[in-house]
Amino acid sequence: MVKTRFAPSPTGFLHVGGLRTALFSYLFAKHHGGKFLLRIEDTDRERLVDGGIENILKSLRWAGIKPDEGIDLDESGKVIQTGKNGPYIQSERLKIYHKHVDRLIKDDHAYYCFCSKERLAELRQIQEANKQATGYDGLCREMPLAEAKKRVTAGESHVIRMKMPKTGITKFTDLVRGDVEFKNELIDDQVILKADRFPTYHLAVVVDDHLMEITHVIRAEEWLPSTPKHIELYKMFGWKPPEFAHLSLLVNEQKQKLSKRHGDVAVRDFIDKGYLPEAMVNFIAFLGWNPGDEREMFDLDSLIKEFDFAKISKAAGVFNLEKLDWFNREYLKKMPSAELIKICLPMFRDRRYEIGDNDWLGKVLSLEKKRVTTLVELVESIKFVFEDTPYEAQILVWKKSSKEETKNVLEKLVNCLNKISVQDWTKTGMESRVGGWMKENEFGTGNVLWPMRVALSGQKNSPGPFEIAEVLGKEETIERLRMAIKKLE
Ligand code: GLU
């Protein structure tokens, strides 16, 4: 059975690149009827952030990615662990790593290293000055085990390093990049257990992926150079390595690596701005993958059906915000009214709006949903329905008209609207009544509809006046028109 995993470090918020890794891992597992596991890699104690695990899981849950095994959140938002291969948080697995390190030492695949930070820094300086590759020089590699153990017993600070073979090459076939090979002589004797007895990522990732029965490791390209070390560790333990797939870098349109300096990179930022999960998932899926034809709209289920490594590109994925905006507009337009209301409700509540029934709310949202990009923009754009919008009297006046004329027209318009019954107070009802009245009196469209629209919305750009009037209702519409007339006095 195929089993993939996402193994984030809880060092902040989930990055869009992390979401892509998680999504691709999830899609691949589901495409093959397999399982998706979530593990937390928190061995780098200095980079941990409070609430880091919850942040990541909330963003994943928002995107609809749910682990079958490992770490998840319960209904109350608490971190839980499920599955028979736990614990799934590396800091809770120290004993397991210690046992495996002991095994490597016993089999002469790893050694104690007592070199001080100062010595290593000096070594690095010398190597850099001589334009040599930097790395550990193997001083402790040949120390007799008995001597090393004596120093350990005496309490001397130490780390444990793996004994990387000095000759030969490590080869593997990456599912994205094809055949790759590395010369072993260029690879450092990686530290696998630190002085604080925490494993490094390299040891923990191998032990965990093996014990958790991961069949496919899908991760970012930055881990490609580490893979030969991992493959050697698998060999040292006598285990079969999983398949590897390294996803290309994400870049912005200037071909720079995506980073906070150039804009939003945390999924949280996009959630806060009111992007829809469907749009984000569809957009992220296309960062390095495509279905091989013209189709663009894919929900999670159709992605699961189509997702395949054969269609993953080696080229960097370009994070094009305009494309994300396009997807978001498409999904917003398509979204059924009831669903849209449901996701906007918390924002209405935050703003303490008095909201009517769903039928009415649906009409309010329809005023703008085809004209905006995000949910936040949507709620902001219909603010005028709920709140007083201050505006200058001058913007009531259409370019070919004057203040007096506008005032005059609005007064007459109020009379005309007053005669429309509440039952006929619909967009089409008003269109025909006001339209007929305009024709009879030979009023130009701009002369009437421009000031009406501005009076009702307080804005130069807004939806059509009759749509707004229907939503506002007769009383409020007349009230706003009277206020406008007053402004023009
Ligand atoms: N903890 C690593 C990260 O956050 C995971 C790398 C891997 O998937 O092996 O990038």
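Cβ coordinates are placed from backbone N, Cα and C, and glycine is handled just like the others.
What you see is a predicted model, and the numbers here were worked out from it, not measured in a lab.
Under the heading domain 'Glutamyl/glutaminyl-tRNA synthetase class Ib catalytic', TrEMBL lists 1-326.
TrEMBL lists 8-18 with the feature motif ''HIGH' region'. Long-range neighbours of the motif ''HIGH' region' (8-18) within the same chain, counting only residues 6 or more positions beyond its ends whose Cβ lies under 8 Å from a Cβ of the stretch, are 40-42, 44, 47-49, 52-53, 55-56, 59-60, 220, 250, 258, 265-270, 284, 319.
The Zn(2+) binding site annotation in TrEMBL covers C113, C115, C140, E142. Taking all protein chains in view, 8 other C-beta atoms sit within 10 angstroms of the C-beta of E142 (Zn(2+) binding site).
Taken from TrEMBL, the feature motif ''KMSKS' region' applies to 257-261. Remote same-chain residues near the motif ''KMSKS' region' (257-261) are listed as 15-17, 249-251, 319 (criterion: CB distance under 8 Å, separation of at least six residues from the stretch ends).
Within the same chain, no residue at least 6 positions away in sequence has its Cβ under 8 Å from that of K260 (ATP binding site). Under the heading ATP binding site, TrEMBL lists K260.
Feature annotation from TrEMBL assigns domain 'Aminoacyl-tRNA synthetase class I anticodon-binding' to 344-485.
With DSSP states grouped into helix (H, G, I), strand (E, B) and coil, the motif ''KMSKS' region' (257-261) comes out at 2 helix, 1 strand, 2 coil. A simple way to gauge crowding: the CB of C115 (Zn(2+) binding site) has 16 other CB atoms within 10 angstroms, across all the protein chains here. Report note: the Zn(2+) site is defined by C113, C115, C140, E142, and the residues of the same chain whose CB lies within 8 Å of the CB centroid of those residues, excluding them, are Y111, Y112, F114, Y136, G138, L139, R141, M143, R161.
Counted with DSSP, the domain 'Aminoacyl-tRNA synthetase class I anticodon-binding' (344-485) comes out as 96 helix, 0 strand, 46 coil.
Under DSSP, residues within the motif ''HIGH' region' (8-18) fall into helix, strand and coil as 3 helix, 1 strand, 7 coil.
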